[in-house]
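First comes the structure, then the notes that go with it.
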Amino acid sequence: MDTLGRHIVLEMWGCCKDVIDDADGIQEILTKATESMKATLVNVVCHRFSPYGVTGVAILAESHISIHTWPEYGYAAADIFICGNTIDPQNAASHIIQAFQAKEISILELKRGNFLTKKIQANISTETNQEL
């Protein structure tokens, strides 16, 4: 194994405002996104903000999916992090994009715990606050 996991950072614009402002609906979307990649759902929690917006998190045996929405902008952000290399997080990303009816998307995939990348020594002093 070259990496410990895959992390998809998903940005979506032009989303259906009614869909991304519905906490119960987002809970169902998180459940179905988990099923779409054959991952193991442990728990789903959603919170609706006032006057609008939802944050939802699906805890998976293999890691997590999180969604944050801004209906007033038609915007939603999602993170899909899967440990190991047997599950494809792109399946969940596709499900979420389709469910939110996103008109524009940006997808970034990161390899987490990549053992093939060059590592540098962190030199962080706790005595001073320095900008990095």
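Note: Cβ is positioned from N, Cα and C throughout, glycine not excepted.
Annotation comment: TrEMBL describes S63 as active site, schiff-base intermediate with substrate. Within the same chain, residues at least 6 positions away in sequence whose Cβ sits under 8 Å from that of S63 (active site, schiff-base intermediate with substrate) are G5, F81, I82, C83.
Over all protein chains present, the Cβ of H68 (active site, proton acceptor) has 17 other Cβ atoms lying within 10 Å. H68 (active site, proton acceptor) falls within a strand segment according to DSSP. Residues or ranges marked as active site, proton acceptor in TrEMBL: H68.
Per TrEMBL, the feature active site, proton donor maps to C83. In this structure, C83 (active site, proton donor) is part of a beta strand by DSSP.
A strand conformation is recorded for S63 (active site, schiff-base intermediate with substrate) in the three-state DSSP classification. Annotation source TrEMBL lists pyruvic acid (Ser) at S63.
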